[in-house]
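Annotated in TrEMBL:
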type	residues	note
DOMAIN	B:52-153	domain 'Cytochrome c'
DOMAIN	B:205-322	domain 'Cytochrome c'
SIGNAL	B:1-22	signal peptide
């Protein structure tokens, strides 16, 4: 690895520069940067997770009638069959419109510090309210969502069971809370977790080498914590701006949230769990090859040119972050009634 | 019930005219018209059903990458969460285009004599090839489907396990066979089956009255067999043509298949299993209320005006055809590779 420009990140590189650390030393250092997934669902802010709420949230997550057209559910763009995302550069939504940014995986997303590429939602409940209302995504309104839910007695019953203390449980806030509770269960323990937990055999030699290279290069400066990312904001192109195709000029990232000049082209560091099964990469979704993505990151964020071997090893390590998706029984949803609002594919231009 | 015009169908009505048949007599007669669902998956033409093939078929059924855009899977329009259909008048497909006819349920479809509203596919394997290629639906090509499947080693392995005797198992025919095998397992035993099998308590009194009224009115002339329909072709508007909204002039039904004048506006009689959860109704999908659909059928097909009570009872009976959907574990699909064709939402106008 050669650093093209000096950076504070090289501190870590220096720390790790002595190659061939024993597994135990490497693990000790890794545990300072990362945490294995917990074996239980984390506590949520103002949202107690109960089995009833998780079941309701699952139904809502898979229900395409939460969109105006009846075409899209949460699962459409955060598909649990394909890594918790949709494997497209940017999602296709209502009226065949294209979303502005690549759809992030829902898997382990509960461990992100904030949601969306620009972190504009503090938690998954707040996040869940976004796409439902976005004109280019599900194009629905809270009023219509609630009317839809209230039209089906089964949903009313599920909301009562999920929010037993509420007089009027079918609300848009509770809709979002239930989805958050379900999503909080979507945790995917990976070989890396087993390795962090002390099982040397859980990762191959190459994957361990890749972890070393990952730390050595300084990737963990931004990609750390439980999700190896998702916990901080950094300018894309910290050292060297990537091309406009990868970093389109029009999307200034977190600047739109904070309106602070320093936040131009700042994005939340991508969480790296399941990264190997969630191509294409970056908020622009234009890079399909994980190897290329690693090279771009090294150059733009670290000013480093990694050797062919380092890149290959890092990609192998990233593969060890592919976890086991919890078994999901596909829900059978309540049937519409006479009062259920009818689906409409109409595109309203405001 | 008053018949407005004489018809051969009244024969059955006369047979059943003596009200208050004992349950046993009614069952005996019903068993001449209908059959309960079998407890096992039926044999398929040139397609042995194995667990490997069913699993492969399930993966294909749920895989949105079988569409050109990556948006639609078989399950999009035949959603197992919502009665095996999409609860829309006509489906929305590639490029936000509208399909020409209401999407029929996949549940129990293996028992239909032929597939599609006009019966143009003799079986589910042939059917499966249609929407994948239809420009307004999944807009894909067999070549691209096979390239997509061959790009993922896991799919290759699944095809080898499903078609162990084939040298080159990843073919479009085998793709369709696997989907057919999976769909053949989607059988939903209902209270009516339990009743046909001898359990008097399986249907309420009203549902039994509805069955009587259904037979009395002559509905079973077309809606008979295992699926209470799906086994014959009849002109929509046999006695009285419904309005153009319900029977659009442009869609001449089976005429497009046979090019026989007698087949103008002829459609396959709808299978009635799960009809209560698969609104809206008819090939045009414009009627949302099952009661209204029953009234339209009585008038247009039987020339009969049913009493309010008869209609309500028949609707209750139709509710007893809502079956239990088999438990489906949502599949985890193979991840794309470098050689997987990229999704494209582009609409090609020919």
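Placed from the backbone N, Cα and C atoms, the Cβ positions cover glycine too.
Confidence annotation: the domain 'Cytochrome c' (B:205-322) carries a mean pLDDT of 95 in the model. The DSSP breakdown of the domain 'Cytochrome c' (B:52-153), given as helix, strand and coil counts, is 44 helix, 4 strand, 54 coil. Counting residues per DSSP class in helix, strand and coil order gives 51 helix, 12 strand, 55 coil for the domain 'Cytochrome c' (B:205-322).
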